[in-house]
Amino acid sequence: MVLKAFFPTCCTSADSGLLVGRWVPEQNSAVVLAVVHFPFIPIQVKELLAQVQQASRVGVAVLGTWCHRRQEPEESLGHFLEGLGAIFSHEPWLQLCRERGSKLWSCKTTHRQVPTSPNAPGEDQVMLIFYDQRKVLLSQLHPPTALPDHQAGDATASTQGLAAVFDTVARSEALFRSDRFDEGLVRLSHWQSEGVEASIIVELAKQASGPVCLLFAYLLSLISAASACRVFKLWPLSFICSKLSTCEQLRHRLEQLTFIFSTQKAENASQLMRKANMLVSVLLDVALGLTLLSWLHGKDRIGQLADALVPVADWVAEELQHLLQWLMGAPAGLKMNRALDQVLGRFFLYHIHLWISYIHLMSPFIERILWHMGLSACLGLTVSLSILSDIIALLTFHIYCFYVYGARLYCLKICGLSSLWRLFRGKKWNVLRQRVDSCSYDLDQLFIGTLLFTILVFLLPTTALYYLVFTLLRLLVVTVQGLIHLLVDLINSLPLYALGLRLCRPYRLSAGVKFQVLEHETGRPLRLLMQINPLPYNRVVHTYRLPSCGCHPKHSWGSLCRKLFFGELIYPWRQRGDKQD
């Protein structure tokens, strides 16, 4: 049987002593965590292991002996190492030895118990695997992607073995808190034995994080209580807040800040990573917002935007008037119904006239409104983008009205033509059973149906042309708003902290390991070097992607085309489960 011994690379130059680690019987593996140096008192070693086991909940034990022959070998040391197996009983007993002045290693295992079968070997073949203890401790192993069925079993077994190694090193952090500067009677060699890694800034941040989280949690609770007031649940305010992107983004940021400054400790590494990603996302959002704020308030750019906004609105209204006058004539040489064409054209021209009057009425206050909206950039760039989306929706409200009028009129004619077409075939729509049933009609009904069908058919091209033009304008506005919301969702959901870890410290996010052969000679143990495979960037984004506000669902292309063909209204702000007209 092959025994896999995982040995830390930081202990290859350690003095002779005892191998401390964990035995994994399911994988027939020994995970060495540290080396206890001579001299030592066995009872003190057992007390230390008991304390580590109580703190980490890991079955840490003495696995065997380690002999580093830096000088001429002494017979007394060899006999002493062989006699330690009687004090620290473990099955199997591992004996590692590094030869003097060379890179040759010897490794063997012995069994103290009498074999049940006479043919059972007394020693196992040992595979020595070196690993970087610091990287394995800080790394987070991710499960592999979906594999074919004939490989799934092997992949699962291999993943479980690696997970046992990573989990053992991660949970044994209490063993790594002692270094050579401690005054303890037991000296250890591990990745922090030369000095415990620490940072004054990190320690101060840990001490200050508790009071800061309590303060922010209290302030956020006050804001949440104020937003849940009954005044904001009245019909006009609740309706407006449900339609504005700014309110949805503020609600989403409030939920994220409440989760970040929660006083509850993260239950696992995934929840801690989620908090870190949210914190970095909020900080980056605020930094970009402050940059935008400084740019807007420099060189009187808000005044320039206010002066350019009214001419742009006038230009859009003028172009719409030219478009309507073109539709009221003979657009592209098409023969239109003149009476209906004139009625629709004058109706829409009157709306444009009302819109121009509204813009000029608000023009003295536009600069002040933009100045106050510019201050909202201190809340983050996403809030400013959401306000920009709402401003675009307000400035193009007349286009939305034109689209609604044209869509309703077109949908009415499509429904009328479909009903009259069923009349010609002797069918009707059963509202109760939601199906088409057979029906017999008399001569008068067929005559009136023929007249109405003819009228609707001849009026359909004029209505369809107006509907087509205003639908294209509406889709243009929706596309611009969609690009803005896409940028907002990108800032909200991109796991920036995880991507930074993947870029600067790839070993922190592990997708698996690879092995490099160091020595493969007959009569010598197979020595391998375990290296960590970093998680691919696409899996990092897929695994740690943050939830977005989700107030703008995506329609499939088939659903969008069906809605456009039948004249159904497109509400980009509504949820999928909301009832639509």
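Cβ coordinates come from backbone N, Cα and C, glycine included.
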Range annotated as transmembrane segment - as stated in TrEMBL, picked from 400-424, 475-499: 475-499
301-324, 373-396 - the one TrEMBL records as transmembrane segment: 373-396
Chain residues outside the transmembrane segment (373-396) and at least six past its termini with a C-beta under 8 angstroms from it: 244-246, 248-250, 253, 282, 285-286, 288-290, 292-293, 296-297, 302, 313, 477, 480-481, 484-485, 487-488, 491-492
Long-range Cβ neighbours of the transmembrane segment (343-361) (under 8 Å; 6 or more residues past either end): 310, 313-314, 317, 320-321, 324-325, 327-328, 397-398, 401-402, 405, 462-463, 466
